[in-house]
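What TrEMBL says about this protein:
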type: DOMAIN; residues: 41-290; note: domain 'G-protein coupled receptors family 1 profile'
type: TRANSMEM; residues: 27-50; note: transmembrane segment
type: TRANSMEM; residues: 62-82; note: transmembrane segment
type: TRANSMEM; residues: 102-120; note: transmembrane segment
type: TRANSMEM; residues: 141-164; note: transmembrane segment
type: TRANSMEM; residues: 200-225; note: transmembrane segment
type: TRANSMEM; residues: 237-260; note: transmembrane segment
type: TRANSMEM; residues: 272-292; note: transmembrane segment
Amino acid sequence: MGSGNGTAVTEFVLLGFSGFGPLRGPLFWGVLCIYLVTLLGNSLIILLTLADPALHLPMYFFLRHFSTVEILYTTTVVPRMLADLLASCPTISSASCFTQLYFFALFGIAECCLLTAMAYDRYAAICRPLHYTTLMNQEACVSMAGASYLMGIITGTTHSLFIFTLPFRGANTIHHFLCDILPALRLASASTFWGEVGNLAVTIAFILTPFLLIVASYACILATLLGVTTSQGRRKVFSTCSSHLFVVILFFGTGTVAYMRPWAGSSQDMDQILALFYTVVTPVFNPFVYTLRNREVTGAMRRLVKKYLWSP
């Protein structure tokens with residue numbers, strides 16, 4: 001561990017939960033329970049969308065990929081967090097730190113892009129129903145999903161390579177529970193100007209821009225909704241979008257606040273609270289929102305239970 005100004009850092013100390021004291025035990029069990037529910041809930045969505053032919057639609061194709069990325073995204077952070085909650089002095093090697101940063105960026109950006117693809121699917125279904133099968137054919141869906149992963153890989157690679165090439169000497173204490181971009185940049189021994197610029201550029205390109213595209217899609221959907229004459233028709237149109245819209249608000253709301261705030265005035269405690277929310281709490285809402293508020297998914301669940309558990 002780098003103790004002198006000229007010594008290269010080989011380990012980082014994660015102080016994210018150092019001030020929690022006796023609350024670390026309850027927090028461990030709380031995070032563990034949420035994590036297990038996240039794994040089970042999203043795995044159930046993946047199983048349902050694969051097993052039930054009624055869910056072999058573009059909307060559920062993207063939902064399956066989104067649930068897969070949710071599992072990978074939260075697994076990048078939570079197991080390490082649980083181990084650190086039990087450790088007296090949690091440390092992480094520089095290689096492990098940069099690896100976590102890479103996958104955290106990869107899956108986070110992939111989620112943003114998948115949510116955008118899901119919004120476009122809803123736009124095509126509601127605003128251009130006669131062209132829906134053409135716009136959302138299998139090739140188009142696979143291409144959009146592949147592009148989502150590609151954008152994540154490009155972002156993760158760019159960030160991790162840039163930060164990995166920075167010199168880290170002396171200071172090795174990260175005031176966070178994970179190796180995120182800004183906490184890592186704070187420890188660099190060289191100028192981080194281009195790192196901050198790159199972080200802002202990625203935020204605009206892959207968080208703000210997808211969010212604006214989603215807003216544009218829902219503006220078109222709202223215009224179509226206002227043109228529906230019956231209240232029953234409006235409810236039917238809105239019900240197909242409400243689950244996705246709720247997840248979008250949760251995900252992009254916390255992400256935008258976390259990464260678009262000015263660095264100079266940012267609070268490290270606030271960084272940790274926001275990160276805890278979008279890495280642990282937000283992923284657990286996805287299966288509940290899409291199972292409790294979606295009739296097709298709940299119907300698929302009943303058919304699956306009846307077929308395998310209650311069959312004579």
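Backbone N, Cα and C define each Cβ position, glycine as well.
In the predicted structure, the domain 'G-protein coupled receptors family 1 profile' (41-290) carries a mean pLDDT of 83.
Recorded stretches compared: 62-82, 200-225, 272-292; the one with the most Cβ pairs under 8 Å to the transmembrane segment (27-50) is 62-82.
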